[in-house]
Amino acid sequence: MASTTYDMIVIGAGPGGYVAAIRGAQLGLKVAIVEREHMGGICLNWGCIPTKAMLRSSEVFHLMHRAKEFGLKADGIGYDLDAVVKRSRGVAKQLSGGVAHLMKKNKVTVVMGEATLPAKGKVSVKTEKGTEELEAKHIILATGARARELPGLEADGDLVWTYKHALVPSRMPKKLLVIGSGAIGIEFASFYNTLGAETTVVEVMERILPVEDAEISAFAKKAFTKQKMKIMEKAMVKQLDRGKGKVTAHIEVGGKVEQHEFDTVISAVGIVGNVEGLGLEALGVKIDRTHVVTDEYCRTGVDGLYAIGDIAGAPRLAHKASHEGVMVAELIAGGHPHPVKPESIAGCTYCHPQVASVGLTEAKAKEKGYAVKVGRFPFIGNGKAIALGEPEGMIKTVFDAKTGELLGAHMVGAEVTELIQGYVVGRQLETTEEDLMNTVFPHPTLSEMMHESVLDAYDRVIHI
Ligand SMILES: Cc1cc2nc3c(=O)[nH]c(=O)nc-3n(C[C@H](O)[C@H](O)[C@H](O)COP(=O)(O)OP(=O)(O)OC[C@H]3O[C@@H](n4cnc5c(N)ncnc54)[C@H](O)[C@@H]3O)c2cc1C
């Protein structure tokens, strides 16, 4: 069968792949994208977007319970889980359709099917109608990742769920165990806890949200505990005994193994890259555990083969995937893009209260040998936060005491996932404490706390 030749073939239409395809097309390349399941990848279909739609429902539910505080009346508050899920699936479908439209608009050829790489520069796609052979000088791997399964804790879709099951739940859990307190685990814990599931989170590390600054983790833990979530840190789920409609979890904590019963378990113990079945080993692509090893330009070491997004390793975030996609497309088109700096990629968790951060934690900065100046500002000192009825939260900033460089920013509280971008831009423009202090922040906004936190680091804070 004759093969079709392109300048660039992208495998996987998640936020890494589809953005790379669009940028390549914008730059005049003849582009094809291969997708085996759904346009938009995990992010749009089973990740970022449907979780946020679900969390919006739980947030509104929570606010309805607070109606009286705002001088409002809301009686008979309840929810319809099927309708919550239906809305979330609808949002995902709308956006996935949007990606298909963007492919068309940018004249990117979409090939639906499973791709393999039989040889350098060649892609073979198993489609519904048979096998299609494609060729290109440049191939981008953007095949993403899936839930990690630990032996004994594997999901069965009934009692033990992955994120996919948790997004289309067959029932409302009454007693829920969430294993793992990274962003995915905590978001589901927050959603189900808010809707009334008795929720326990077990984290093997010494604190929940272990990648966050220790003060932010501690603040979030206090807030979750106040919401009646049970948090077990330095604890490990050793075994799950599955019975009829119940699971007995054996949890090791403080040197002892305790047994606790749940009706539902969500396993959120990480994700692994989709590196298998593509033919990568035969091409000589280096794989480290579950990700493809790349250089700072996402090159795999095999001529013309790149890997971006989740398959290329941490941080496994949609915006990192997209940015790498743009960079590689520009590189292929003969441009001179800057490599993506992982330390300037913000992480956001959409629990209640929200958590967001960028750069180094205070502990990491000290570990790296920096003398630091640290600023903090609490939500309770901000007019807009009080007007919104959201006085819980804080913003912490970490500066290099010598140069004034903003090393890291860490936030917990309402809407911080929107605020963090202010500091990301600041870091990108290499602003110093002086620039940030001289910036005028609009009033009344939550963003004023970003200013105050910087002022606090330099003993100039106004409102505390
Ligand atoms: C529950 C959950 C919540 C999340 N929330 C957030 C969030 O709020 N913010 C954030 O930044 N990130 C979030 N993430 C992470 C985010 O979804 C990923 O970082 C992002 O989707 C990675 O994009 P990608 O393009 O690398 O891969 P993916 O989105 O995984 O897309 C890969 C695509 O490749 C396709 N594919 C795989 N193999 C083949 C093959 N052989 N042939 C053809 N097609 C193939 C797959 O079908 C898939 O569509 C979340 C993830 C989960 C699971």
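Each position is counted from 1, following the chain as shown.
Quick reminder: no glycine exception, Cβ is built from N, Cα and C everywhere.
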TrEMBL NAD(+) site partner of GLY180, SER181, GLY182, ALA183, ILE184, GLY185, ILE186, GLU187, GLY270, selected from GLU198, GLU203, GLU252, GLU258: GLU203
Those recorded positions, out of CYS43, CYS48, LYS52, ASP310, HIS443, that come within 10 angstroms of GLY180 (NAD(+) binding site) at the Cα: none
Integer Å distance between the CA atoms belonging to CYS43 (disulfide bond) and GLY182 (NAD(+) binding site): 16
Secondary structure at ILE186 (NAD(+) binding site), reduced by DSSP to three states: helix
Additional residues around NAD(+), ordered along the sequence, whose Cβ is within 8 Å of the centroid of GLY180, SER181, GLY182, ALA183, ILE184, GLY185, ILE186, GLU187, GLU203, GLY270: VAL178, ALA189, LEU209, ALA268
Secondary-structure category, per DSSP, in which HIS443 (active site, proton acceptor) falls: coil
